[in-house]
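**Student:** Sharing a structure with you now.
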Amino acid sequence: MALEVLEALDSARTQWYHVTAIVIAGMGFFTDAYDLFCISTVSKLLGRLYYFDPSSSSPGKLPTSVNNFVIGVAIVGTLCGQLVFGWLGDKLGRKKVYGITLILMVLCAIASGLSFGASAKSVMGTLCFFRFWLGFGIGGDYPLSATIMSEYANKRTRGAFIAAVFAMQGVGIIFAGLVSMTLSGLFQSYYHAPTYTQNRVTSTQPESDLLWRLVLMIGAIPALLTYYWRMKMPETGRYTAIIEGNAKQAAADMARVLDIEIQAEQDKLADFNAANNYPLWSNEFFERHGRHLIGTMSSWFLLDIAFYSQNLTQKDIFPAIGLIDKDHDMSAIGEVFQTSRAMFVIALFGTFPGYWFTVFFIEKLGRYKIQLVGFFMMSFFMFVIGVKYDYLKNENKGAFAVLYGLTFFFANFGPNSTTFVLPAELFPTRVRSTCHALSAAAGKAGALVGTFGIQSLTVGGDTYKIKKAMILLAVTNLVGFFCSFLVTETKGRSLEEISGEDGRESELTPTPRDSRAPVSRTETM
């Protein structure tokens, strides 16, 4: 019972429009990653500026609770935004709400660099308020970008295309480090200052208050540049046909995009929709897709505990293992520079390659194998770091850096990419955006565990607590490995075959056994 417009999308040759869609959707993820992770490069600077104690032998630090809120409030916003915009994506259309998320990201990235007042309380309050709404806009990008890309792509390259969109997150993380490193390097060359040990007062340059604001505000630029092109994208053919019920418009839109002739098949569409008209919160949905939803939510939840802990606690681990100088041996801007440089190097050689290995190998190895291997290798390397932390810290810092980088590599050539791809493929069109949002929101709940839990163990740089954190993350990843058995392989199949919307029974979507009257095979699903 496949519709011609859907078959045309599945079998379409890869063309320039697909590349354009990857770039447009990918720039959203570039912005998302930059905005979420650039805060780690300047959070210690905020402590020096607004929590300075001249009687202390150490530079000012954000109180643990304030530090966790500054770092984590955007993640809270992201979780909320995922649920709201994911649901709206199924109700109002992918395109209609796509532009709203981008406008929100632009405005709040700029506002994050502003302050209502000059006291620590007012600056942190303003920062947290706007970073919450920044995260809210970022949250909408997750389900919408994944759903749009999956519904545009052909079945041969769909996984690679969705992974390529997500891989722009790696580029965003690199640029977060690069921009912070470049700006702090420029500031440092113009505004010299002694170390904290040499002069506690003048070690924090007044100009550094402008530095952190610029770092945060620059996140608005890439989002602003892609707004026009995002608004020019037509609604996906699957949404127009299956949810809006307008086969003629779907055929016209996709014929223009793919440059081919497509029949509307309005009568056939009515039969297609009648066979798939069940809501998300129904027994039929959970009989068909409940196992997969539990699998995508649980694996993403467990992955993000480790992934966000890794990225957001780097600033605490680097000085503890000697990759950067101790804070009292640096000026305020010098600390931003060294922290950003270390983040940039780890991202460039550990984080970035993993994303693109996934892009190149996902259609060969499949999503399932990549996720299993990634979880297992992350668990192994984190366990080694935790058990051998004292030795690595004191006697073999190079090995520590390699092992730490490998955890990033296998996160991204592993579950950090596949947990984004699978929810965009496993679920029916009517609830695809919502199910992706539920899975992504579970991930952000895990990120909050990492932000407010794991980060509390690392923020003081205590050796015993960092060892404990790494071993906890190793166990978390091992549990994620076993939860991955709840999902299944999707490569090479059409979205309708995977979800059962085309009426074919498969091991992916078993026909629910209930008391309804018998129907023909083509009407079962």
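Heads up, the Cβ atoms here are built off N, Cα and C, so glycines get one too.
Feature annotation from TrEMBL assigns compositional bias 'Basic and acidic residues' to 496-507. Residues or ranges marked as domain 'Major facilitator superfamily (MFS) profile' in TrEMBL: 21-492. Annotation source TrEMBL lists region 'Disordered' at 496-525. Residues annotated as transmembrane segment in TrEMBL: 21-46, 66-85, 97-118, 130-149, 161-190, 210-229, 342-362, 368-387, 399-417, 437-457, 469-487.
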**Student:** Who are the chain neighbours of the transmembrane segment (97-118) in space, where the CB to CB distance is under 8 Å and they lie at least 6 residues beyond its ends?
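**Tutor:** Non-local partners: 28, 31-32, 35, 81, 85, 88-89, 125-127, 130-131, 133-134, 136-141, 144, 148, 212-214, 216-220, 223-224, 226-227, 230-231, 233.
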**Student:** Please identify the stretch among 130-149, 161-190, 210-229 with the greatest number of Cβ pairs below 8 Å relative to the transmembrane segment (66-85).
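**Tutor:** Against the transmembrane segment (66-85), the leading stretch is 130-149.
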**Student:** Can the transmembrane segment (368-387) be said to touch the transmembrane segment (469-487) if we require at least 3 CB pairs below 8 Å and skip pairs under 6 apart in sequence?
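**Tutor:** Judged by the Cβ rule, the two regions touch, with the required three close pairs present.
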